[in-house]
Amino acid sequence: MDRAAVAKMGAVASASVCALVGGVVLAQYIFTMKKKTGRKTKIIEMMPEFQKKTVHIKDPGRVEEIICGLIKGGAAKLQIITDFDMTLSRFSYNGKRCPTCHNIIDNSKLITEECRKKLLQLKETYYAIEIDPALTIEEKYPYMVEWYNKSHALLIEQGLQKDKLAEVVRESDVMLKEGYENFFDKLSEHNIPVFIFSAGIGDILEEVIHQAGVYHSNVKVVSNFMDFDENGILKGFKGELIHVYNKHDGALKNTEYFKQLKDNSNIILLGDSQGDLSMADGVANVEHILKIGYLNDKVDELLEKYMDSYDIVLVKDESLEVANSILQKIL
């Protein structure tokens with residue numbers, strides 16, 4: 001065989017090898033891309049908390065990208081913005097509904113039976129509207145204002161005593177989510193700002209976390225706070241009403257707080273409603289924001305909507321495991 005023939009055969013063989021190697025590389029790339037667009041990603045694969053059936057993620061690649069950004073930024077850049085009722089507190093325990101901050105008062109001995117019935121009627125009427133998947137936030141908005149104003153008026157009529165609130169919380173069935181000690185203590189240890197933005201009753205909320213031993217100095221609460229007269233009797237509520245669907249306005253009113261945290265451009269947001277998605281609207285310099293949503297009710301009707309708006313959706317999940325696992329990577 002002459003040299004030209006040998007060279008030709010070598011070229012063909014070389015081309016075949018290149019094609020084969022190229023095919024392997026392409027296959028590897030396609031496999032990697034498929035994996036990235038699938039449910040799991042490298043970081044999430046390493047986190048057993050993400051493998052639970054309660055965890056739903058529409059875009060794992062995006063979640064990995066955000067978590068990588070949070071890890072890179074570390075403690076110095078992080079802040080937490082969170083709802084309270086049914087987000088930090090439990091929705092249910094052993095099949096029984098747990099109370100919200102308002103419910104703690106509604107169910108207490110400070111309220112007459114007649115008032116309790118009226119409050120329950122309001123809840124039955126308006127809660128159905130709050131979680132109705134067929135209504136927009138704009139359509140729900142006036143009903144929420146109506147509900148809160150009527151409920152607060154009934155509470156004012158009862159002449160609630162400030163010095164009884166601690167006892168009322170102690171006697172209630174309120175429970176914080178599993179893993180709350182680790183969540184609050186780790187954030188306190190690293191001095192990470194925690195902004196609790198609640199449409200509940202601030203006095204009750206503060207008492208709950210105080211009694212749980214987690215009301216640390218890094219925690220700021222913005223909520224509906226009671227206004228008491230000189231005798232400690234409820235006479236009204238301070239400031240403008242915060243309800244589940246006007247947190248955007250409230251967030252903008254707290255821009256001074258967020259300005260002080262201008263270097264904390266990475267956010268983990270936790271909520272349980274569509275209204276909670278706007279809690280970070282007062283932050284001007286967001287670099288990375290991871291939105292974690294708890295879906296507690298009407299799962300079949302609302303799951304798709306929640307997955308479209310929250311990065312991670314936790315269905316009927318009564319723990320802070322996922323948030324804690326992310327904090328473990330960052331801090």
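Start at 1 and count along the chain as shown; that gives each residue its number.
A Cβ is built for glycine as well, from the same backbone N, Cα and C atoms used for every other residue.
Here is what Swiss-Prot says about this protein:
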ACT_SITE  ASP83  active site, nucleophile
ACT_SITE  ASP85  active site, proton donor
BINDING   ASP83, ASP85, ASP272  Mg(2+) binding site
BINDING   GLU130  CMP binding site
BINDING   GLU130, SER151  N(7)-methyl-GMP binding site
BINDING   SER198, ALA199, LYS247  substrate binding site
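All features noted in Swiss-Prot, drawn onto the structure.
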residue	record	DSSP class
ASP83	active site, nucleophile	coil
GLU130	CMP binding site	helix
SER151	N(7)-methyl-GMP binding site	helix
SER198	substrate binding site	strand
LYS247	substrate binding site	helix
ASP272	Mg(2+) binding site	coil
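Packing around ASP272 (Mg(2+) binding site) is summarised by its Cβ count: 25 other Cβ atoms lie within 10 angstroms of its Cβ, all protein chains included. Working note on the binding-site residues SER151, SER198: by count of other C-beta atoms within 10 Å of each C-beta, SER198 ranks first. For ASP85 (active site, proton donor), the same-chain residues that are 6 or more apart in sequence and have a Cβ closer than 8 Å to its Cβ are THR100, CYS101, SER198, ALA199, GLY200, ASP272. Contacts of LYS247 (substrate binding site) defined by a Cβ separation under 8 A and a same-chain sequence distance of 6+ are given as PHE197, ALA199, GLY275, ASP276, SER278, MET279, ASP281, in order along the sequence. Other residues of the same chain near the substrate site, with their Cβ within 8 Å of the Cβ centroid of SER198, ALA199, LYS247, are ASP83, PHE84, PHE197, GLY200, VAL222, SER223, ILE242, HIS243, VAL244, GLY250, GLY275, ASP276, MET279. Note on the residue listed as 'CMP binding site': other Cβ atoms within 10 Å of its Cβ, all shown chains, come to 19. For ASP83 (active site, nucleophile), the same-chain residues 6+ apart in sequence whose C-beta sits under 8 angstroms from its C-beta are ILE196, PHE197, SER198, ALA199, LEU270, GLY271, ASP272, SER273, ASP276, MET279. When every Cα pair among SER198, ALA199, LYS247 is compared, the largest distance found for this substrate site is 9 Å. Cα to Cα, SER151 (N(7)-methyl-GMP binding site) and GLU130 (CMP binding site) are separated by 15 Å. The residues near the Mg(2+) site, meaning same-chain residues not in ASP83, ASP85, ASP272 whose C-beta sits within 8 angstroms of the mean position of the site's C-beta atoms, are PHE84, MET86, THR87, LEU88, SER89, SER198, ALA199, GLY271, SER273, ASP276, TYR294, in sequence order. When Cβ atoms from all protein chains are considered, those within 10 Å of ALA199 (substrate binding site) total 25, not counting its own.
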